[in-house]
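Enquirer: Quick one: structure below, then a few questions.
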Amino acid sequence: MACEPDASNVATLSCARCDKPALLQCPKCVELKLPREGASFCTQDCFKAAWSSHKSVHVKAQLSSIANSLPGDQNSDLVSQGWLYCVRRGQGRTHKLPHFDWTGPLKQYLISPKRSVPAEIEKPDWAIDGTPKIEPNSDLQHVVEIKTPEQIQRMRETCKIAREVLDAAARVIRPGVTTDEIDRVVHEATIAAGGYPSPLNYYFFPKSCCTSVNEVICHGIPDARKLEDGDIVNVDVTVCYKGCHGDLNETYFVGNVDEASRQLVKCTYECLEKAIAIVKPGVRFREIGEIVNRHATMSGLSVVRSYCGHGIGDLFHCAPNIPHYARNKAVGVMKAGQTFTIEPMINAGLWRDRTWPDGWTAVTADGKRSAQFEHTLLVTETGVEVLTARLPSSPDVFPWLKK
C-alpha cells in the first residue's frame, strides 16, 4: 500500500512518524474517513516504516464502526471479545450484518466464540473438524435399528440427562436474557453431567443447542439478542453420553405472551402428544403425519414440511424419517426396540420456510410465528416409552399441565 497526495496540498500537518512536514496521507485512513492528524506522512519510506504499527488504527476504527451500527444493546465490548456474525453454514464469520430480505422482525445477531469442551469428555467424531464420518455412511441410514437391551439402557440414561439439561435452560428464560446465555447454561449443564452437547460443531453448527425465537422454525443459533417480553422461544437440546444421543425440545413463553401465540404453542404440544399416543408395534410411520396435520389444520395452523423427526441412538440422525404432514411417503412400520424422535413444527401462517445467511436458521416465509415440541421415543412390545419425558422436578411452565 502506498500513500496518496494530500488533496489540500498544504503542508500544515506533521508526519506521524518523524514530525517533518507531511503532504501524503494513508489511503486506508482516507477510505475510513479518519482525521488527517496521525494519518499523514512526509515520504513513502516513512509510511512503509510506520506501517506495522500504523495499521492498528484501521482495525480500531473498523471495530468502532461495527459497534456503533449494531442493533439493540450490542456494543464494542462484544466485538472486542470476538463476537461475529455467522455465515456459510457455520464455516465463516463476518463483522457485517449479512444482507437478506428478513421475513419478520428478527435479524441475525452477533454470536460468541465457540465454547470449549474438557479433554476428558467423550466426543463424537465431528467434535474437532465439524464433519461426521460414521453417520452418513452407516447402513442405519436405510435400515431402522432394533436396539439391544444394553443400548436401550444407555438411551434411558442419556435421555434423562438431556431432559435435566433442557429443564436447566427453561429455568433461566425471562425477558432480558440472551439466547447465548441459554446456550451457556446448556453447555455447562451437559459437561457437568459428563456429556457432550451433540449440536456443537455438527456440520459446523457453532453452538451447543438451538434457540428458535418467534418466526424461527428451527436451528436458530444462540446469539447476543436479549429475549423480549411477549417472545416465544424454542430450546432444542441433544446430549451425547456413553456413545448415544438423546434429543428433545420445548417452546417457552417469555413474560406476557399474546393469546394467539399461547394457542399456537398449546396446539403444537397437543400435536406431539396425539402423535405419541398412536406409537406401538405395527403402526406405519406415515400415520404420524396424518395425526399431526389433522390437529393443526383444525386450529387454522400449518405443518412445516421441510424438516422431520428421525431415528436416533448411537447415531445423531438415522432412519426412520418421521414427516409431520399428511399424505407423506414415509416407509416402514414401527417395531419394538426402535428409537426415534417426533418433533412437529407448527406455523401460525403458511408452512413454507426460508433460511438465513448463516445457513442454519430456518424461518417462516411470511414472518409469522412458529412453535415446536420434541421427544425421543422407544417403541415397546405394548406401546411406547417417552425416554425424554418430563420429570417431577421439571419446571412448571405450561399452564395446561397445571392441576
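Yeah, the Cβs are placed from backbone N, Cα and C, and that goes for glycine too.
According to TrEMBL, the protein carries these features:
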type	residues	note
BINDING	H219, H317	protein binding site
BINDING	D236, D247, E374	Zn(2+) 3 binding site
BINDING	D247, H310, E343, E374	Zn(2+) 4 binding site
DOMAIN	12-65	domain 'C6H2-type'
Enquirer: At the Cα level, what's the spacing in Å between D247 (Zn(2+) 3 binding site) and E343 (Zn(2+) 4 binding site), rounded?
Expert: 10
Enquirer: About how far apart, in whole Å, are the alpha carbons (Cα) of H219 (protein binding site) and D236 (Zn(2+) 3 binding site)?
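Expert: It is 8 Å, counting Cα to Cα.
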Enquirer: Using all protein chains in view, find how many other C-beta atoms are within 10 Å of the C-beta of D236 (Zn(2+) 3 binding site).
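Expert: A 10 Å sphere around the Cβ of D236 (Zn(2+) 3 binding site) contains 24 other Cβ atoms.
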Enquirer: List which of the binding-site residues H310, H317, E343 have their Cα within 10 Å of the Cα of E374 (Zn(2+) 3 binding site), in sequence order.
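Expert: The binding-site residues close to E374 (Zn(2+) 3 binding site) (Cα within 10 Å), listed in sequence order, are E343.
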Enquirer: Give the residue counts of the domain 'C6H2-type' (12-65) per reduced DSSP state, in the order helix, strand, coil.
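Expert: Across the domain 'C6H2-type' (12-65), the residues distribute as 26 helix, 8 strand, 20 coil.
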Enquirer: I need the nearest neighbour of D236 (Zn(2+) 3 binding site) among the binding-site residues H310, H317, E343, using C-alpha distances.
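Expert: Of the binding-site residues H310, H317, E343, E343 has its Cα closest to that of D236 (Zn(2+) 3 binding site).
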Enquirer: Give me the non-local Cβ neighbours of E343 (Zn(2+) 4 binding site): same chain, 6+ apart in sequence, Cβ-Cβ under 8 Å, ordered along the sequence.
Expert: D247, N249, L272, Y307, C308, G309, I322, H324, Q372, F373, E374, H375
